[in-house]
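Working notes, structure below.
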Amino acid sequence: MNKELQPKVVFLMGPTASGKTALALELAEKHNCEIISVDSALIYRGMDIGSAKPSAEELARGPHRLIDIRDPSESYSAADFRADALSEIEQIISMGKTPLLVGGTMMYFKALLEGLSPLPSADEVIRADIQAEADANGWEALHDQLREIDPVSAERIHPNDPQRLSRALEVYRISGKSLTELTMTKSAPLPYNVVQFAIAPRERKVLHELIGQRFRIMLEQGFIDEVAQLKARDDLHLDLPSMRCVGYRQCWQYLDGEFDHDTMVEKAIAATRQLAKRQLTWLRSWPELNWLESGAEGNLVTLMRHCR
């Protein structure tokens, strides 16, 4: 089918603190579109301040789908996101509206755009067997096994990387196919006319300043109390994906007494800047991308022109 004849879907990507939400809300008010959040932190309930979740006022202006859909104790994968996002996109299109996907979790955007490899889910029994073999014979022996069944993965995975080594062996024992073979197979790409935008300040120092300002505002809004409430739960810990979100980990460690308040602020801001750097690295290699400068006057007009 001709791409131009397919229903239109708009991506608005960008690093943290670049102004994505504000621009998306403007577009939602001016254009017949609905917002889908593409953010691995916004999915969690009770993580509002540190994730910069849209306020009640902002959500009234432009409701966001796929926020507050998981408890922080639960996991959520790129495959989960793809399935949920496809369902939301179909609903929005059936209403005669344009889906506007907004966020900074590039892995989610990539999974949605390109599809995912059909890897099997984890099998705790097989995983335990692999661990028992490693305890008995060492990871080097298991790496030799991997080299026999999947030399490409064995070249890429170091014997001292037990998590990835175990997963490669687990995939083979479950499916009978190597990790290399399965990752060459992708699910169907997104069947829509996707128009992609990225927004960021022209100068990195501006983004760094925005990140610092925003984190200090979060502290004024009660971020430490928010983390303290999460920390008080018996079922949350720092190994969970939710608690690995930038800011939350550093604040948790501060509450544990690992460092003082000023150090926590420095570490949280530095971690957020590193996240922004990774996001920009993804975006610089992203194909078919239209760039917008944060705060530029013509951004809304440009978006509306492409959304017609």
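Glycine is no exception: its Cβ is also placed from the backbone N, Cα and C atoms.
The ATP binding site annotation in Swiss-Prot covers G14, P15, T16, A17, S18, G19, K20, T21. Annotation note: G14 (ATP binding site) sits in a coil segment as assigned by DSSP. Around G14 (ATP binding site), the C-beta neighbours below 8 angstroms that are at least 6 residues distant in the chain are K20, G104, A198, I199, A200, Q279, L283, S294.
Sequence annotations record features per position, and here Swiss-Prot assigns substrate binding site to T16, A17, S18, G19, K20, T21 based on sequence analysis. Listed in sequence order, I199, S294, G295 are the same-chain residues six or more apart from G19 (ATP binding site) with CB atoms under 8 A from its CB.
Beyond the ends of the region 'Interaction with substrate tRNA' (39-42), by six or more residues, the same chain brings 50-51, 53, 64, 66-68, 76, 81, 103-105, 107-108, 241-242, 245 to within a C-beta distance below 8 angstroms of the stretch. Marked as region 'Interaction with substrate tRNA' by Swiss-Prot: 39-42 (among others).
According to Swiss-Prot, the site 'Interaction with substrate tRNA' annotation covers T105 (among others). The secondary structure of T105 (site 'Interaction with substrate tRNA'), as reduced to three states from DSSP, is coil rather than helix or strand. Cβ neighbours of T105 (site 'Interaction with substrate tRNA') (same chain, under 8 Å, six or more residues apart in sequence): V38, D39, S40, F81.
Neighbour list (R127 (site 'Interaction with substrate tRNA'), Cβ cut-off 8 Å, at least 6 residues apart, same chain): S166, E170. Among the features that Swiss-Prot reports, site 'Interaction with substrate tRNA' is placed at R127 (among others), with the record citing sequence analysis.
The DSSP breakdown of the region 'Interaction with substrate tRNA' (163-167) into helical (H, G, I), extended (E, B) and coil residues amounts to 5 helix, 0 strand, 0 coil. Annotation source Swiss-Prot lists region 'Interaction with substrate tRNA' at 163-167 (among others).
In terms of DSSP secondary structure, the region 'Interaction with substrate tRNA' (244-249) contains 3 helix, 0 strand, 3 coil. The feature region 'Interaction with substrate tRNA' is assigned by Swiss-Prot to 244-249 (among others).
In the three-state DSSP assignment, the secondary structure recorded for R127 (site 'Interaction with substrate tRNA') is helix.
Counting residues per DSSP class in helix, strand and coil order gives 0 helix, 0 strand, 4 coil for the region 'Interaction with substrate tRNA' (39-42).
Counting same-chain residues at least six beyond the ends of the region 'Interaction with substrate tRNA' (163-167), those with a Cβ under 8 angstroms from any Cβ of the stretch are 127, 130-131, 134, 139, 142-143, 146, 157, 179.
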